[in-house]
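Novice: Below: one structure in structure tokens.
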Amino acid sequence: MYYLSDLSHYAFFTYISVRAGFAFFIALCLSLFLMPKFITWAKAKNASQPIYEYAPETHKTKCHTPTMGGLIFISSAVIASLFCIKFDNIFAISALLCLILFCLIGLIDDLGKVLKKDNHSGLSPRMKLLAQIIAGLICILPLYFSSELSTELFIPFYKHPLFDMEIFAIAFWILVLISSSNAVNLTDGLDGLATVPGIFSLSTLGIFLYLSGNLNYSEYLLLPKIQGLGEVVIICAALIGALMGFLWYNCYPAQVFMGDSGSLALGGFIGFLAVISKNEILLLLIGFVFVLETVSVILQVGSFKIFNKRVFKMAPIHHHFEKVGWVENKIIVRFWMIALLSNLLALASIKLR
């Protein structure tokens, strides 16, 4: 679509905002169109993920809900992005690679569980971690060696970099990608619980990407200046559109789950956006709901191993609230509210520096 701008009547396609808008609506329409067809096919093939044996009783009714919906919304976002991005932009190509590779890891994990009807038959934790490290390196190393991405570490509400991480930045960036990917995966336990906070996080990071990629805005707002970064906003917009199409079928009561193919890709991509926009630390606030879920699991496992006591009735923490009597829809909406507030606070850091 960008290359149509060479024609005199289509010069508006040079604008990132225009192409982002097109990418959003293309992905939204694709997701809305393809998802019901996928649901019908998945039901016919009995492609549903087995429910965790210790899950709350209310989850037993979800055993026939199709999974792997992430394959559809990720595909929709990638197709829409390919129509709209510039192919000579290393940030955009790396971002698409991130989406595709993490989706493939999740898809392999999903297929193992679906085909064997066993929640433990996907990728082993060790194999999944290794695959995520390799995928992260494929996405990150081209940026590092091209010198397009600064290795300096920035913190929220402070305009100067703390220090230069140099080659250690690679390990730190991989840690951010993997942590974000697995955090979203842990959160995806209730209908729409990971989807809406994911949309909020993508929107916030998309704003940072656009501002940092614009030399005038970044200079005025004292943000890191990274030329060419704005092109990734188009992929961001496409994924938001695809997620909104998915949410139509994923909201309570869900007709389809995103599965690991969706949650690992969404989380990995959010982590990637945080890395390239230099918001690795701010991601703790941008993805606060994901952080909360992950910390609850760490506390639960750590407490049980050290003290033989549980901090929560069940982890991740959304299951704890189910156990104490909160209805699923109330938990979901309250977590959405927390995600919205945390992202508004993160956006406040743009001016408060």
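Along the chain as shown, the residues are counted starting at 1.
Even glycines carry a Cβ here, placed using N, Cα and C.
As listed in Swiss-Prot for this protein:
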- 22-42: transmembrane segment (TRANSMEM)
- 65-85: transmembrane segment (TRANSMEM)
- 88-108: transmembrane segment (TRANSMEM)
- 129-149: transmembrane segment (TRANSMEM)
- 161-181: transmembrane segment (TRANSMEM)
- 192-212: transmembrane segment (TRANSMEM)
- 228-248: transmembrane segment (TRANSMEM)
- 256-276: transmembrane segment (TRANSMEM)
- 281-301: transmembrane segment (TRANSMEM)
- 330-350: transmembrane segment (TRANSMEM)
Novice: Are there 3 or more C-beta pairs under 8 Å linking the transmembrane segment (281-301) with the transmembrane segment (161-181), counting only pairs at least 6 apart in sequence?
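Specialist: Answer yes: the transmembrane segment (161-181) meets the transmembrane segment (281-301) with 3 or more Cβ pairs below 8 Å.
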Novice: Quick test of the contact rule: Cβ under 8 Å, at least six residues beyond the ends. What residues does that give for the transmembrane segment (330-350)?
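Specialist: Result: 156-157, 190-193, 196-197, 200-201, 203-204, 207-208, 211, 221, 223, 252, 282, 285-286, 288-289, 292, 318, 321-322.
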Novice: With an 8 Å cut-off on Cβ pairs and a sequence gap of 6 or more, do the transmembrane segment (65-85) and the transmembrane segment (192-212) reach 3 or more such pairs?
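Specialist: Contact criterion not met.
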Novice: Count the CB pairs under 8 A between the transmembrane segment (88-108) and each of 22-42, 228-248, 256-276, 281-301, then give me the winner.
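Specialist: Per the Cβ count, the answer is 256-276.
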Novice: Would you mind listing the long-range same-chain contacts of the transmembrane segment (192-212), meaning Cβ under 8 Å and 6+ residues beyond its ends?
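Specialist: Apart from its flanks, the transmembrane segment (192-212) reaches 16, 184, 218, 221, 223-226, 229-230, 232-233, 236-237, 239-240, 243-244, 246-247, 250-252, 254, 258, 263, 266, 269-270, 273-274, 276-279, 286-287, 289-290, 318, 331-332, 335-336, 339-340, 343, 346-347, 350.
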Novice: Quick one: find which recorded stretch in 129-149, 256-276, 281-301 has the most Cβ pairs under 8 Å with the transmembrane segment (22-42).
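Specialist: It is 256-276 that shares the most Cβ pairs under 8 Å with the transmembrane segment (22-42).
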Novice: Which sequence-distant residues neighbour the transmembrane segment (256-276)? Criterion: at least 6 residues beyond either end, Cβ under 8 Å.
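Specialist: Result: 35, 38-39, 42, 49, 65-71, 73-74, 91, 94-95, 98-107, 109-110, 122, 132, 135-136, 139-140, 143, 149, 173, 176-185, 187-188, 194-195, 198, 201-202, 205-206, 209, 226, 229, 232, 236, 239, 243, 246, 249-250, 282-283, 286-287, 290.
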Novice: Quick test of the contact rule: Cβ under 8 Å, at least six residues beyond the ends. What residues does that give for the transmembrane segment (129-149)?
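Specialist: Result: 90-91, 94-95, 97-98, 101-102, 105, 108, 123, 169-170, 173-174, 177-178, 181-182, 226, 228, 264, 268, 272, 275-276.
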